[in-house]
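Q: According to Swiss-Prot, the protein carries these features:
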type	residues	note
COILED	15-82	coiled coil
COMPBIAS	18-74	compositional bias 'Basic and acidic residues'
COMPBIAS	98-120	compositional bias 'Basic and acidic residues'
MOD_RES	Ser136	phosphoserine
MOD_RES	Ser188	phosphoserine
REGION	1-120	region 'Disordered'
Amino acid sequence: MPKKFQGENSKSAAARARRAEAKAAADAKKQKELEDAYWKDEDKHVMRKEQRKEEKEKRRLEQLERKKETQRLLEEEDSRLKGGKAPRVAPAKVTRAQIEDSLRREQRAEPVEKAKSHLELPLEENLNRRLQEEGSVEARTVEDAIAVLSVAEEADRHPERRMRAAFTAFEEVQLPRLKQENPNMRLSQLKQLLKKEWLRSPDNPMNQRALPFNAPK
């Protein structure tokens, strides 16, 4: 007679069940790790994408701001140029007091030089020398000669100092005016313009040398 089937061993079944459960747990853990890694990579990709988008927008806004600033500066410059030159200001007269004040400053800054007066030289020598220098003055009498010498002595005792002092006073008054009238000129151009005006100015001692000794002051 064949043996009767007695069924599966309970211990073997329990062991198989435990192995199956452990394998299922390991598989579930591995699957979870794979899913976590996937979503982690996806999050990084999304973050990088968002970061690049933000940086691109930031650069666009910066470029737009620079364009606006450049346009504003161009409009200001165009408006200033279209406005034309500043209103012309009437030339200010250099006064005798200003010239004398500049002369005094020059004299204080330089050593005092002793010069012979007309009293230390013969009248004829003074007269001839002054007539040669001035050319346009004629003295027919002793009184005229004294007048010529007095005027010449006052005007030309220190001609180089007087010229520098007069030009300094002229520049102090006229250069600010030229800057206001010609805001687009460089300083070198303004000084060239100032020299041209100085050559024609009645404040230039060289323009006063040819005046007759008895001309009204």
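Just so you know, glycine gets a Cβ as well, placed from its N, Cα and C.
Looking at the shown structure, can you explain where the listed features end up?
A: Assigned with DSSP, the residues of the compositional bias 'Basic and acidic residues' (18-74) fall into helix, strand and coil as follows: 57 helix, 0 strand, 0 coil.
Under the DSSP three-state reduction, Ser188 (phosphoserine) is assigned to helix. Taking a C-beta cut-off of under 8 Å and a sequence gap of six or more, Ser188 (phosphoserine) has no contacts in its own chain.
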Q: Average the per-residue pLDDT over the coiled coil (15-82) and send me the rounded value.
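A: Taking every residue in the coiled coil (15-82) and averaging pLDDT yields 87.
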